[in-house]
Amino acid sequence: MGHASAALQFIVQPGGHLQGRVRVPGDKSISHRSIMLGSLADGTTHVSGFLQGEDCLCTLKAFRSMGVDIEGPSASGEVTIHGVGLHGLQAPSTDLDMGNSGTSMRLMSGLMSGQAFDVRMTGDASLSKRPMKRVTVPLASMGAVIEATSAGTPPLLVRGGKALQGIDYAMPMASAQVKSSLLLAGLYAAGETSVTEPAPTRDHTERMLRGFGYEVVTEGNRIRLQGGGRLTATTIDVPSDISSAAFFMVGASIAEGSDLIIEHVGINPTRTGVIDILRLMGANLEVLNEREVGGEPVADIRVRSSALQGIQIPEHLVPLAIDEFPALFIAAAFAQGQTVLTGAEELRVKESDRIQVMADGLIACGVDAQPTPDGIVINPGNFSGGTIESHGDHRIAMSFAMAALRATQPITINDCANVNTSFPGFVELAATAGMNIRTVG
Ligand SMILES: O=C(O)C1=C[C@@H](OP(=O)(O)O)[C@@H](O)[C@H](O)C1
Ligand SMILES: C=C(OP(=O)(O)O)C(=O)O
């Protein structure tokens, strides 16, 4: 992981529009969870539409190194997982490399806490700076023993052979990773584990556990399960990732003359904040052909260009669009009037500090962007172009690529190799849809 060149650049020429039909890769959150639960189930789980991004491949390799026989992924994203049962994992002979993936590190912290063996989990430079106390502290209160750096960052050494006890935990931040980590530890804990979220977050773990026949109760913002059950193998059809679709929603909204259909997008209501926010800004988005695929709602999304308005982003939408803010800041930069975001301090602890890094990039392009502790104020102006430092953050890189559609000068984006963590084939797909984008390095 992360061996691709850090010097990879995107060079995007200004102008153009997006048209036709595109299908973006599979959902990252669902792909991770399909490997985890499929590995721990009794029986054989078939996954289609699996995201072959580096993040999910880290999760897949981790389970292979713990003795799970996993076939694929095939070129079309088919994966077959021969589950070993909740107690069938074996000690890996090496550290588990989680690459750039916070989801892998945090969810696995919970799962590994319930195993009979020790595991050491490492990550790349970005992941090694991300906060893990948000999982290690509540897991410790369940009886887990996890060693981290003094700053509470990876590498993490998770000690095995500990008896876990269920807890009733009120999460201090709205995090699906923390919720999922505790629920996965709860599978191994005595009694009930319950997590209360301050605001709804993505519920893929709960849905997928139910899909594997495990009872999970959701009452308002409280989610609970009993330890000691079993998972039964199932079939998982992974929809396209709305977080990847978001770049194209923003690109088609800002680029005059665009008319794009993004196919088979997951529209789980805990993920659709980006649609709500863009609509509040005046975007022309149609949700077509809604259907249910393997327990997750899916639709085609038609996007036509429109004149966007700056808005005050409602705080309740923040967790429902958490990964889409880099793209939404680009939309705001081309809107009429000011956009204000608050209540989004979580953006500072993603693959980069997404508030600061986006503000720096917008300013480099000539836009007035003022970071605040928990958000940003964007005053759209003359968006010229320039050179952007993505800091190895995939979502920063793809967001600025889309900005070129309305910029007046070319945009060069540095350090783009990590686009492969979530969106392999981004450059090719963007070019097919009408962008003038190439890679160098
Ligand atoms: O559970 C998940 O799959 C994810 C949860 C979110 O993180 P947080 O739980 O830290 O908000 C999100 O940013 C991440 O890309 C994926
Ligand atoms: C925050 C993200 O992922 P992770 O936390 O898994 O690294 C993301 O993909 O935007």
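Heads up, the Cβ atoms here are built off N, Cα and C, so glycines get one too.
Summarising the environment of D323 (active site, proton acceptor), the number of other Cβ atoms within 10 Å of its Cβ, over all protein chains shown, is 24. Summarising the annotation, TrEMBL assigns active site, proton acceptor to D323.
Look at R130 (phosphoenolpyruvate binding site): DSSP puts it in coil. Within 10 Å of the Cβ of R130 (phosphoenolpyruvate binding site) there are 19 other Cβ atoms, across all protein chains. Per TrEMBL, phosphoenolpyruvate binding site is recorded for K28, G102, R130, Q177, R354, R395.
Per TrEMBL, 3-phosphoshikimate binding site is recorded for K28, S29, R33, S175, Q177, D323, K350. Around R33 (3-phosphoshikimate binding site), a 10 Å sphere centred on its CB holds 26 further CB atoms from the protein chains shown.
Annotation comment: TrEMBL describes 12-428 as domain 'Enolpyruvate transferase'.
D323, R395 are the recorded positions among R130, S175, D323, R354, R395 whose C-beta comes within less than 6 Å of an atom of ligand 2, given in sequence order.
S29 (3-phosphoshikimate binding site) counts 29 other C-beta atoms within 10 Å of its own C-beta, drawing on all protein chains shown. Rounded to a whole number, the C-alpha distance linking G102 (phosphoenolpyruvate binding site) with D323 (active site, proton acceptor) is 13 angstrom. Averaged across the domain 'Enolpyruvate transferase' (12-428), pLDDT in this predicted model comes to 98. Checked against ligand 1, the binding-site residues S29, S175, R395 give S29, S175 in sequence order as having a Cβ less than 6 Å away from one of its atoms. Nearest in space to S29 (3-phosphoshikimate binding site), taking C-alpha to C-alpha distance over the binding-site residues R130, Q177, R395, is Q177.
Cβ environment of S175 (3-phosphoshikimate binding site): R134, E197, T201, E346 lie under 8 Å away, each six or more residues apart in the same chain.
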